[in-house]
Amino acid sequence: MEEEKETKQDDQNTLENQPNSQPTILSKNAKKKLLKQQKWEAKKAEKKAQMKEQKKKEGERKRKEWEEKLSSCASEEERLKLIESRRELRKERMGKRAEEKEEKTQRLRKAKESGQNIVIDLEFADLMTTSEIHSLVQQIIYCYAVNGRCASPGHLWLTGCRGEMENQLQRLPGFDKWIIEKESQSYIEALQDQKENLVYLTADSETVLDELDLKKIYIVGGLVDRNRWKGLTMKKANDQGIQTAKLPISSYLKMSSSQCRYSL
């Protein structure tokens, strides 16, 4: 009994001492790329701060111009007309924005019923740093925004959405109102009844995707890895026994590298 207790304790200690994720060993080239990325992100943050300051100054300039315009009115009646005109213009702009928002909502709801299903696989969070997860979140925001502006948008899925990935997404303003599927389960679990229609998009596939099929559900790897995990999505698809395909990007664009990768 005592021996069994000690064995359980040893097992528990082993589990507690195991790291949450595999240690990342970067090559010299990968370190250079990571440093370059960090410098780029620092420059981006600096540019963002400059734009914010510029926007603030522009707002102050416009307020000053408005006050000067009001003070130049010859009479109180002219001043009131100017204020009313500005109020009507604002009302018109707000109405147009509300109309555009409603049209976008209708397009996304229609896509949910009959659009192309596209999955972003978020099961790679444990292989990424916090900054890489943040970068992935920014790309997801961009994808959702661009998709919403399309005349015929697709229907987006976020699968394996849990842990730090989920925490960062939940902090986004309005994320809970996104017209998108959010699954903590993997796509294999969430879409198990449609496994034959799953297609993982990976540059390592030998099958070129020339035409989209509405019956298929296309999967994109949610992985910002600075080229550390080559062939990972292809191996995952093969292990799960699902189809793979690659986009014909090289047929339309000249890439700087020998092979383009399009995980997020």
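From the backbone N, Cα and C atoms, a Cβ is placed for every residue, glycine too.
Just so you know, TrEMBL annotations are computer predictions that nobody has curated.
The feature compositional bias 'Basic and acidic residues' is assigned by TrEMBL to 1-11 (among others).
Annotated compositional bias 'Polar residues' per TrEMBL: 12-27, in sequence order.
As annotated by TrEMBL, compositional bias 'Basic and acidic residues' applies to 38-74 (among others).
What TrEMBL records for 88-106 (among others) is compositional bias 'Basic and acidic residues'. Remote same-chain partners of the compositional bias 'Basic and acidic residues' (88-106), defined as residues 6 or more beyond its termini with a Cβ less than 8 Å from a stretch Cβ, comprise 148-149, 179.
If you look up TrEMBL, you'll see 104-264 marked as domain 'SAM-dependent MTase TRM10-type'. Taken together, the residues of the domain 'SAM-dependent MTase TRM10-type' (104-264) have an average pLDDT of 89.
Per TrEMBL, region 'Disordered' is recorded for 1-74 (among others).
Annotated region 'Disordered' per TrEMBL: 88-110 (among others), in sequence order.
Under DSSP, residues within the region 'Disordered' (88-110) fall into helix, strand and coil as 23 helix, 0 strand, 0 coil. For the compositional bias 'Basic and acidic residues' (38-74), the number of residues in each DSSP class (helix H, G, I; strand E, B; coil) is 34 helix, 0 strand, 3 coil.
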